[in-house]
Amino acid sequence: MINEATLIILLVVLMMMNFFSVGYLFFVLIDKIQMSKIKTTFYITFQTVFTFLLALAIYHFFLSRFTDPAHLDFPNLRDYSFYYVVGWNVFFAVLAILYIANAVIHHIYAKKKEAAF
């Protein structure tokens, strides 16, 4: 059942997943790949900005038409303004998936680099 509380709780959980995945990417780059802190900071900044722009493009060009409030009908949502939260949830889900995929790819690279030594 989708209601206002479910949408807001899911939005907070997805924001925490984004924070977790960026933190995990920091951990992988600093600890596993052993980059310097300055180099890691610039690399992470580039990675997060590029991933954010990629998520924005995916959401805008492919998913936004499915979250358009004009085409949604949830009988449990009494307040029409919460229909926009559905779009925010989808965007943050795409962003979290891309951040986690980015971190996992870097982790796999770190394992291969570690195995080569």
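Cβ atoms are placed via backbone N, Cα and C, with glycine included.
Taken from TrEMBL as is:
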type	residues	note
TRANSMEM	6-30	transmembrane segment
TRANSMEM	42-62	transmembrane segment
TRANSMEM	82-105	transmembrane segment
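Residues of the same chain lying 6 or more positions beyond the ends of the transmembrane segment (42-62) and with a Cβ under 8 Å from any Cβ of it are 22, 25-26, 29, 35, 90-91, 94-95, 98-99, 102. A Cβ distance under 8 Å defines the sequence-distant neighbours of the transmembrane segment (82-105), meaning residues of its chain 6+ beyond its ends; these are 4, 7-8, 10-11, 14-15, 17-18, 21-22, 24-25, 28, 47-48, 51-52, 54-56, 58-59, 63-64, 66-69, 72, 74.
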